[in-house]
Amino acid sequence: MGQNGALQPIQLVIITGMSGAGKTVAIQSFEDLGFFCIDNLPPTLLPKFLELVKESGNKMNKVALVMDLRSRDFFDHLFAALDELAEQAWVIPQVLFLDAQDSTLVARYKETRRTHPLAPNEPPLEGIRLERKLLEELKGRAQIIYDTTGLKPRELREKIIRQFSSHAQSGFTINVMSFGFKYGIPIDADLVFDVRFLPNPHYIEHMRPKTGLDDDVSSYVLKWGETQKFLEKLIDLLSFMLPYYQREGKSQLVIAIGCTGGQHRSVALAEYIARHFSDDYKTVVSHRDMERRKDIHR
């Protein structure tokens, strides 16, 4: 109940995405957050199920559902249900789409020795390509997209908890992510900025094993005139754009900052940008590839 006894809107998260991208970990994470969870609810049952939830009188005010292509009537009914829910005041629906690079999904299938549900008699990559094509429109309608490439199950769980815990549900979130171009562009990024033109601490021997979180590396990256000019122009651009993204109803904006390996320059700049906007927006900073180069002692 609200402060005046009014029913609070039901928070509905529909978890979908690529097979092998982490939906099982996701639904378990929502259970840990106190959500009422159902795996593989047919879209035809969604309106009736939500009516029952509504009639419960806020006894189930947080609901997470896994929906995927195991339901053969998936698209015929899901899009219609989403359109109808968008017009209702008593429910706040969000689509969380889990994705990963094809090579990562293939590796996960090989590790578990599973076949792809859409192509059980074909190599996993054939099913992955078909599924990606079928889910393209749904991905375009998702409010939140997670790229689980390189994420361990624990890291995906932590990401979900940061996003969906009760104290975090205060609207628009800016997720500033550093990454290395050598490992691929994050597929969940809304905006991508390339900082490989900046001076590289990798070529300074004592900085090579460190990261952009270390003070001396950060100071080195930020001290250059071209860095300061870039940050000035980028922050000016983002300051202009962010209110419009927020107005469009996005719940999060993923800003990806990339350098060669994702260890030095992109890390320092991602931290700087997140700090700059933290007074006006809820911000989260993450470093996708920061530990990779350290692990191989490049």
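Just so it is clear, glycine is given a Cβ too, placed from its N, Cα and C backbone atoms.
As recorded in Swiss-Prot:
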| type | residues | note |
| --- | --- | --- |
| BINDING | Gly17, Met18, Ser19, Gly20, Ala21, Gly22, Lys23, Thr24 | ATP binding site |
| BINDING | Asp68, Leu69, Arg70, Ser71 | GTP binding site |
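Annotated ATP site Gly17, Met18, Ser19, Gly20, Ala21, Gly22, Lys23, Thr24; additional same-chain residues within 8 Å of its Cβ mean position, judged by their own Cβ, are Ala26, Asp68, Leu98, Ala100, Leu105, Thr148. Under the three-state DSSP scheme, Asp68 (GTP binding site) falls in the coil class.
Rounded to the nearest whole angstrom, the C-alpha distance between Lys23 (ATP binding site) and Asp68 (GTP binding site) is 9.
According to DSSP, Thr24 (ATP binding site) sits within a helical segment. Taken residue by residue with DSSP, Gly17 (ATP binding site) is part of a strand.
The number of other Cβ atoms within 10 Å of the Cβ belonging to Ser19 (ATP binding site), over all protein chains shown, comes to 21. Gly22 (ATP binding site) sits 15 Å from Leu69 (GTP binding site), taking the CA atoms of both as reference points.
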